[in-house]
Amino acid sequence: MRPYLEVLLDIPLYQTFVYRNSTESPALPGQRVEIYFGTRKTTGFVVTDHDTVPKSSGLEEKDFGKIKTIRRTIDKEILFDRNTISLAYWMADYYLCSPGEALGAMIPSGRRETETSQLPGSEDFYSARDKSLSTEQQEALEYINSNPGKTTYLFGITGSGKTEVFLRATEENISRGKGVIYLVPEISLTHQVSVDIKKRFGDKAAILHSALTPSQRLGEWLRIKRGEALIVIGARSAVFAPVRNLGLIIIDEEHDQSYKSGNTPRYNARQVAQKRKVLEGCSIVMGSATPSCEAWYQCRKGEIKEFRLTKRLSGGAPPEIKCVSLEGVEGPLSPELIRAVKEAKSQGRQSILFLNRRGFSHFFKCRSCGKTLTCKNCSASMTYHKSRKRMICHYCGWSIKPPGACPSCGSLDVNYAGFGTEFIEEEIQKNFSGYTYRRIDTDSVQTKDSLALAIKEFKEGKIDILLGTQMVAKGLNFPGVQVVGVISADTGLMLPDFRASERTFSLIVQVSGRAGRYFPDGKVIVQTFMPSQPAIDCACRGEKAIEEFYTKETAVRAVMEFPPFTRLIRFVFRSKKQEAALNASEEAKYIISDLLKDTCPGEQNMQPAGLQEENPPSPPYEILGPAECPLAVLSGNYRYQLLLKGREMKTIHKAARRFIREFKAPQNVYIETDVDPASLL
Ligand code: ADP
Ligand code: ZN
Ligand code: ZN
């Protein structure tokens, strides 16, 4: 045991702290310790130990007596090593957080290791092993296996056999004694991939599924650390798993937003994977039917090796997609959609209706004075939930009794508009009497079990119509489905966010993938008020227009100077006091402008107007704002944003880093830092 420890804390302070080791409960680097920080009991991560007080601590000899002793060591085993610490320091540097905050996000929070729940055994051994790969699959697999350290993209529709390639690449790595991390957007034990992995690899796999308790998670983490598990499958944070001799990181559904963390540190698993590739020499394989624009562009430039999987190996055929204009249609279900659902039923087949909005209606407007109803804490409209008889804010949860009359002028001529899934449920009852249906959204499905049950029943054909939000859009495969109806393709399209179009496109394509997976007669009906918007138009024209969408969308991004052509760092200043948030953001702008001039001298585009060419080169950076965030108030916090845009990340990174360290925000203002933001709302 060494007498002095340097620890990191999960707080926004960028330094290590020195503690005295405990003789009763001594700690080593890589373990967590319980300590007092000031008067607060908290957890520290031991990163190094020393025989004498380290000079880097800046402590003078007369202060040595004040060094506190740790209370106890939490872990029995070593939880993290030098690699993990290096990754944490990189995270801190890249995502502009403290190394302690980074480490805190990387390692499990469980306190005591418990047995992980026993996973279902592998009764029927998997047969796909005997399946011969298609030529396209074979080519991709051969490239992946013979090019360690490279990044590969499998670009192909649902059912084109991407998963099979992922699984075989995993087998190959295991046979070479290498470990694998397999990332999926969200993971449950019933997820097809966990089932497949379990069947093929048994106990060699650790499945970090969403039902694990923190201590079970810790148990799995240690199994990985000890090398007992060689394969890890999990959502975003599984990218940090301490897999030994890492050979491959798989990122399934690469475009999925859930790979980006919504809290500090706001990391993107794709970016972290890229860093592990550099540090540990592993390969990366990603796949999707709808890549992010960034990935698509990297493939175009040849930075990522792309393989197209064009054939549906699952049988079936691409569905017929029909775009139906809602102009002049009464109610949310068009005659075409109603007819299609009825036809499916008459053939003993099923339908899925998709709407990305829960509740009954989400818009209240007085026809006399024009008053709309917004949350008292947020700049968002309240959603009427009929079953609960409440108007609820989806951002902060505040709720009120639905007013019968206008709260402003007392008029009874009020209008509830903008339908949600609850509203559609009534439409189903009206239009399809005698049909069985189930609604799946976070209101109707409160537990994981009830979700699993609804899905099981639908799979078994006991339900005619499945109505739901995002929850029904992702990764589910139902053999009996003939019709998929997108009730409103427009819900996300008009959001003031540069990724709105990309997301809408991806969602329609993904939802469409649920139809005709096993039968050749799948039908998708996409209802919209904006049939000519490229995101909707291209998605509706099917596979042949996928390329066209990316070409058009990237052209727009190029003109607007948004990623992938620039990089972004976003600062949100939030405060209960509007003035305080605004002032801080304005002051920040001055400081950052100066810092940028400092780090990028002489590079600004400041020629007098007359001397400029017709298309002057854009400056290497730009600061946008401060401006109110589109969601200007959330939970009573006023929000202002500053957006740093750089042709290259390093240009804006340096200034942002100095700003974060040097700027002293007023007590009542909190700054959210987001590098490569996924959304600007
Ligand atoms: P994706 O991940 O692209 O959606 P999957 O890998 O899940 O596609 O494959 C879809 C279906 O096709 C699965 O049922 C899988 O077992 C089957 N499949 C995959 N590869 C082959 C193959 N080479 N021959 C026959 N069936 C295959
Ligand atoms: Zn609210
Ligand atoms: Zn009114």
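Placement of Cβ uses the backbone N, Cα and C atoms for every residue, glycine included.
For 143-309, the entry in TrEMBL reads domain 'Helicase ATP-binding'. Per TrEMBL, Zn(2+) 1 binding site is recorded for Cys366, Cys369, Cys406, Cys409. The annotation Zn(2+) 2 binding site is assigned in TrEMBL to Cys375, Cys378, Cys393, Cys396. According to TrEMBL, the feature domain 'Helicase C-terminal' maps to 377-570.
Its own atom aside, the Cβ of Cys378 (Zn(2+) 2 binding site) has 22 Cβ atoms within 10 angstroms in the protein chains shown. On the 0 to 100 pLDDT scale, the model's mean across the domain 'Helicase C-terminal' (377-570) is 86.
Spacing of Cys406 (Zn(2+) 1 binding site) relative to Cys396 (Zn(2+) 2 binding site) is 23 Å (Cα to Cα, whole number). When the C-alpha distances from Cys396 (Zn(2+) 2 binding site) to the binding-site residues Cys366, Cys369, Cys409 are tabulated, the minimum falls on Cys366. Among the binding-site residues listed (Cys375, Cys378, Cys393), Cys375 has its Cα nearest to the Cα of Cys369 (Zn(2+) 1 binding site). Within 8 Å of the centroid defined by the CB atoms of Cys375, Cys378, Cys393, Cys396, the record's Zn(2+) 2 site, lie the Cβ atoms of Thr374, Lys376, Asn377, Ala380, Met382, His394, Tyr395, Gly397, Trp398, Leu634, Ser635, excluding the listed residues themselves. The Cβ centroid of Cys366, Cys369, Cys406, Cys409 marks the Zn(2+) 1 site; residues of that chain outside this set whose Cβ lies within 8 Å of it are Arg367, Ser368, Gly370, Lys371, Pro407, Ser408, Gly410, Ser411, Val414, given in sequence order.
Mapped onto three states, the DSSP output places Cys409 (Zn(2+) 1 binding site) in coil. Counting every protein chain shown, the Cβ of Cys369 (Zn(2+) 1 binding site) has 13 other Cβ atoms within 10 Å. Nearest by CA distance to Cys409 (Zn(2+) 1 binding site), out of the binding-site residues Cys375, Cys378, Cys393, is Cys375.
Figure note: comparing Cβ neighbours within 10 Å for the binding-site residues Cys375, Cys396, Cys409, the maximum is reached by Cys375.
In the shown protein chains, 21 other C-beta atoms lie within 10 A of the C-beta of Cys366 (Zn(2+) 1 binding site). Straight-line distance linking the Cα atoms of Cys375 (Zn(2+) 2 binding site) and Cys366 (Zn(2+) 1 binding site), rounded to a whole number, equals 16 Å.
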